[in-house]
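As structure tokens, the structure follows; a few thoughts come after it.
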Amino acid sequence: MEGSEDEEAEAGGPLQQLVKRQRREKRELQAKIQGMKNAVPKNDKKRRKQLAEEVAKLEAELEQKHKEELKQLKEAMPEQNKIDSIADGVANFELEGREQQIQHPRISKAQKRREKKAALEKEREERIAEAEIENLTGARHLESQKLASLLAARHLEIKQIPSDGHCMYRAIEDQLKDHHNSWTVATLRNQTAKYIHSHFDDFLPFLTNPNTGDMYSKEEFEKYCDDIANTAAWGGQLELRALSHILQTPIEVVQMDSPSIIVGEEYSGKPIILVYMRHAYGLGEHYNSVKLLTDATTENGS
């Protein structure tokens, strides 16, 4: 398989060759990591933690190397593409002229369909290659890598939560399962709305109309609480503060470039840990849950 892929890469342009080589290097690194995991006993927590940190470092180094390679190629490609396009155009013009002089062949409908299909396939491959560059250099990828490294140092990893407006509540619902608590998203929303509504004086000073900058009126406050309970309104720090009081549990929010935010520090016990991602989706901020890194390590090593 490797041989045929290399031959295919050689037939493509520089970008396709680079992307395919980088994919191969990723597979080779994953194979190496798997070997490292298999060499460490599952019950050796200290070495498992060291392994997790080393794996995160190896992956980050490879991603940085790939990013630099893609950046250099992207900077070098535009001028070369112009030269290639001109050369291809001249060659095609000369070839078509000779063919017309010789026999004036007719192109069948089937041939036109095949050519159109080939052109669409080429365009699709170019879009995929561009997406590969964006995935390796974009803010979303860099944020994911940084958060993965921060969590790996704590023997944790991101657990994906759907982006549907309920992400913060779904992430807390997921975390509560570890606390043997069966609260649903609907229950969490209803309790949050009730708590904020009953603590009007504590929350109102932090709620302002985005258009006027004025503090919410009583009607706006009522609508705000109703939206929490009955819509997919996105939850933020005020809702987290309310939930920490409702659950009497500290809630920690891990983020990329700032220290973790902890609400409900007055409560003891195991904190609920959420991951705040600014670039995860085009619509904006998103919350994910976390899980023990050993879950994935054990599965891969078994």
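Each residue, glycine too, has its Cβ placed from N, Cα and C.
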Of 199-209, 243-253, 276-286, which range does Swiss-Prot call region 'His-loop'?
276-286
Under DSSP, is His286 (active site) helix, strand or coil?
strand
Provide, as an integer number of angstrom, the distance between the C-alpha atoms of His286 (active site) and Asp164 (active site).
9
Between the active-site residues Asp164, Cys167, His286, whose Cβ has more other Cβ atoms within 10 Å than any of the rest?
Cys167
With Cβ-Cβ distances below 8 Å as the criterion, list the same-chain residues six or more beyond the ends of the compositional bias 'Basic residues' (106-116) that contact it, or say none.
none
Can you tell me the three-state DSSP label for Asp164 (active site)?
coil
